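Visitor: After the structure tokens below, expect a handful of questions from me.
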Amino acid sequence: MHYIMLTFTPNFFANLSPSLFGHHFNSYFYNMSIETPETLGPNQNGNPKTNIEKPIKTRNWLLIVINCALVACGAIGGPLLMRLYYLHGGSRKWLSSCLQTAGFPILIFPLIFLYIKSKLSKTNKDQTSSFYIEPKLFVSAIAIGILFGFANFMYALGLSYLPVSTSSILFATQLCFTAFFAWLIVKQKFTAFIINAVVVMTLGSVLLGINTNGDRPIGVSKAQYLMGFLMTLAAAALTGLVMPLIELTFSKATRRVTYSTLLQLQFTYSLFATGLNVIGMLINKDFQAIPREADEFEFGKHKYYMIIVLTAITWQLATLGFFGLILYTSALFNGIYGSLLFPFTGVAAVIVYHENFTGLKGMALALCLWGFFSYFYGEYKMMKKVGNNERHGKVEEVENQPKRLDDQEPPYRLV
């Protein structure tokens, strides 16, 4: 008996699904007997050999969940820790900006582990040489790091004048900018559900600008509040630009983007973003002011440094999840998920810091939830449609496959 093996190219599934999860997710999620240039190699006799990759649907869903958890950790914990620094005696904006990327040295340990693992691996002799990041990805990471350095400073400056609940929901407007730049840079396709999600979640953030005096902190002037408002919007716009640029960087990679590549990208990006902020700290003489600020901190010197370290680690874990979500899904999905988390950051600030939770903030939270679930309902329908098309494609492939002479069944014997 002869069997017919069906081989689908990655473009087959990419054409079937213009899903928000992007081409990275499609090539992983529907990885059923896909042959790619990376899986081809000579066998022991020097002849071409095809290695069929195993389905990794479960593994990728697990990675997506883990990255979502890391992003949630930073989106909620990071602003709370930064606001804690400001509320109890901290005032260095460049330092707060620097802390958002200064935790990158913790990435050295997993990178060392992955490097040793690649050297000990016997399945691929070229694995060690392919461990290092490509030069063009390295250059892209430098540019992205510099852009993020400016975005981090603008966000830190805005948070120094705004309550966490206002800043977090206002920063959710990055979804609108992410959607626009994703369409412009990576040719992101839109459905009615995506457009609905973008519109209602952006509207929820805009509601916060209606009443600027309702939650202005004590000691903050109207001019400072307005500056914080505009700086937060500018940070959201720059972040919305950077996320599609990261997705574009992944798509331009010659080799398959592995987890070690992801960590090296993050390390490079964080290094140069931190370097930019260190320059700002030197110009602003923050290093001379830090010991004095620590002595005058309300919670004491030891807790001052503890808050700084925890803030740096929290933001670095969030950045790891941030890069991972873009790799395994898309920049737009990352923007929508982040916009969902920002209102919960505001709720956490109301609980922890007893900030005012006005009716407009409640409406903004409801609209963000509405947009998020609208997006996922659209994704559910899209995935269901893709599954039906996939099964239909298999049937057509089998029916249209021409049979060779040796594939013919022996003629039936008439009795």
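Numbers run from 1 along the shown chain.
Every residue gets a Cβ built from N, Cα and C, even glycine.
Given the structure is predicted, the values throughout are model-derived calculations rather than measurements.
Sharing the feature lines straight out of TrEMBL:
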COMPBIAS  393-407  compositional bias 'Basic and acidic residues'
REGION    393-415  region 'Disordered'
TRANSMEM  61-82  transmembrane segment
TRANSMEM  94-116  transmembrane segment
TRANSMEM  137-157  transmembrane segment
TRANSMEM  169-186  transmembrane segment
TRANSMEM  193-211  transmembrane segment
TRANSMEM  223-246  transmembrane segment
TRANSMEM  267-284  transmembrane segment
TRANSMEM  304-328  transmembrane segment
TRANSMEM  335-354  transmembrane segment
TRANSMEM  360-378  transmembrane segment
Visitor: Count the Cβ pairs between the transmembrane segment (304-328) and the transmembrane segment (169-186) that lie under 8 angstroms and are 6 or more residues apart in sequence, then report whether there are at least 3.
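Guide: They do not touch: fewer than three Cβ pairs between the two stretches lie under 8 Å.
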Visitor: Using a Cβ cut-off of under 8 Å, list the residues of the same chain at least 6 residues beyond the transmembrane segment (61-82) that approach it.
Guide: 96, 99-100, 156, 159, 164, 167-168, 307, 310-311, 314-315, 317-322, 324-325, 328-329, 334, 337-338, 341-342, 344-345, 348-349, 352-353
Visitor: Using Cβ atoms only, state whether the transmembrane segment (94-116) and the transmembrane segment (223-246) have three or more pairs under 8 Å that are 6 or more apart in sequence.
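Guide: Contact between the transmembrane segment (94-116) and the transmembrane segment (223-246): absent.
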Visitor: I'd like to know if the transmembrane segment (267-284) touches the transmembrane segment (360-378) in this structure, counting it as a touch only when three or more C-beta pairs sit under 8 Å and are separated by 6 or more positions.
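Guide: By the criterion, they do not touch.
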Visitor: What stretch, picked from 137-157, 223-246, 267-284, 335-354, has the most CB pairs under 8 A with the transmembrane segment (169-186)?
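Guide: Looking only at 137-157, 223-246, 267-284, 335-354, the most contacts with the transmembrane segment (169-186) come from 223-246.
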Visitor: Below 8 angstroms Cβ to Cβ, which residues of this chain, lying six or more residues outside the transmembrane segment (335-354), approach it?
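Guide: Those are 20, 68, 71-72, 75-76, 79-80, 83, 87, 163-166, 168-169, 171-172, 174-175, 178-179, 182, 197-198, 201, 204-205, 240, 243, 325, 361, 364-365, 368-369, 371-372, 375, in sequence order.
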